[in-house]
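Pulled from TrEMBL:
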- Glu364: active site, proton donor (ACT_SITE)
- His395: active site (ACT_SITE)
- Lys519: active site (ACT_SITE)
Amino acid sequence: MSQPPVDATTTGAWGKLAGYAEGFQPDLRGWFGDDADRVDRMTFTAGELLVDLSKGLITPGILDALVSLADEVGLSERRDAMFRGERINVTENRAVLHTALRLPADATSMVDGRNVVEDVHAALEHMYSFASQVRSGEWKGVTGRRIRTVVNIGIGGSDLGPHMAYEALAPYRHGDLECRFISNIDPTDAALKLADLDPTTTLFIVSSKTFGTLETLTNARLCRAWLLDNLRARRMFHGTDEEAVARHFVAVSTAVDKVAEFGIDPANAFGFWDWVGGRYSVDSTIGTSLAIAIGHDRFAEFLGGMHLMDEHFRTTPIERNVPALMGLLNIWYVNFLDAGTHAVLPYSQLLHRFPAYLQQLTMESNGKSVRWDGSPVTSHTGEVYFGEPGTNGQHAFYQLIHQGTHLVPADFIAFANPAYPLKDGDTDVHELFLANFFAQTQALAFGKTPDEVRAEGTPEKMVAARVFPGNRPTTSIMAPSLTPSVLGQLIALYEHITFTQGVVWGIDSFDQWGVELGKQLAQQIIPAISGDAEASADQDASSRALISYYRQQRKQ
Ligand code: F6P
């Protein structure tokens, strides 16, 4: 039975932090000027990541109080309970063991008296063996041709993780295989992604933890029909539907019985377990498309990177524990400085799907109003995450971060080595790129005073508009290169940041009941939009009017 959460707002540390917040006057210029050791004291390492918190709106006293808060709410105890496989996903009565997915084969992790590490490695071996058959061309389509395109059909955690990682690890991909990702039930998604594909060389992976998600099953049926229709239209195949599906469809799921019902041979199904949350599943067999793209060794390095960060989180004292500190810092921003958003700004085009991935990880995990014992939360919870790669974001929304009225804490991520070193004449373009990374955090922290603006010869009436207030908090995260291991470290870092915040707020970061109502209503509304008058009458006035507009405008 899970301990009831400690109400963080009743702790001594919370009171102390509230004291710091009262009349808080951040002064990064002054803090840097007065404290020569600030950067050293506030820069930490975890695995290959260097994390500089010194441009955050924190003083050593605030940091100490945040560490005490972690102690008072029992962060380490909850973390240890998670690693031990206790059922800390209280509302679903499940263990939370995504960390077991990246344990080495000789480790032990017990769930209900069973060492799940053995199951994990058996599932990984199954996936690796399939991936290597596809990569080598040994796995053939029904007409005997090798696979050239892998289409992952999945949504949420069954799409965002593999898709993000596929993009991020582009330099490591197999040169003759492409992966595509169909997620949206908007038929446009399937139509566009399938349009130029050859059915004889296309393999579909239906990825769904539950194998009950409307979007995924609908898209899977669309793709099956597309495959069969196009194979027959080309007169390249005269066998049965089952034979074609067996060579062109595999599945990833925890529900093997439903996979069989769909018509996919359970021998071609890759399993995982209910103790892996959808948004924590990229490192399970949900990553099959990624394993095909980057191969066994790279996928193992990816898992190794996650494990490195897990070990850091599990064993490092909170005062040097990077995910814990970053999560606690977010608590300071959300609960004491009223930040409602959080920007993630990777200076890496390869990470262009990383903010979208983190939106599910953080917002589906911590967007809650009740605690794990069912009582209401006692403070604000999860932030709105958003982001874009630099420098694109600089030309879109950074204006608000620099000069707007909202506080937007931002994580800046960069790599010393480019994936593709290119030169513009004598200029190393990566250096030009990174100059922006360094410049932005500098500008956000230290701003530009009215006197500095005047010193540039700015006419007085324009001065105010050109002042940068500074004291906009950023965390800089750097690593040598974006390798599979470093990507794994980054993902696990954010998983544990999310966990830390959830513990302080006392919430179950592993359920997602908030997405259920919309799913149920969509099912009820289908008859109304198809013209059933009775079903339409059951709708509210606004929905009735919108459905009526739809029916008038719909041409066929
Ligand atoms: O949107 C809710 C959700 O359950 C996510 O948590 C999950 O990642 C997604 O749907 C997809 O679920 P499944 O993998 O079961 O199809």
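Backbone N, Cα and C define each Cβ position, glycine as well.
Whatever TrEMBL says is automated annotation, not expert-curated.
Values in this document were obtained by computation on a predicted structure and should not be read as measured data.
Long-range C-beta contacts of the residue listed as 'active site, proton donor', restricted to its own chain and to partners at least six residues apart, with a cutoff below 8 Å, comprise Gly156, Arg279, Gln512, Gly514, Val515. Its Cβ taken as reference, Lys519 (active site) is surrounded by 11 other Cβ atoms within 10 Å in the chains shown. Distance from the CA of Lys519 (active site) to the CA of His395 (active site) is 36 Å.
The Cβ of His395 (active site) has 10 other Cβ atoms within 10 Å, all protein chains considered.
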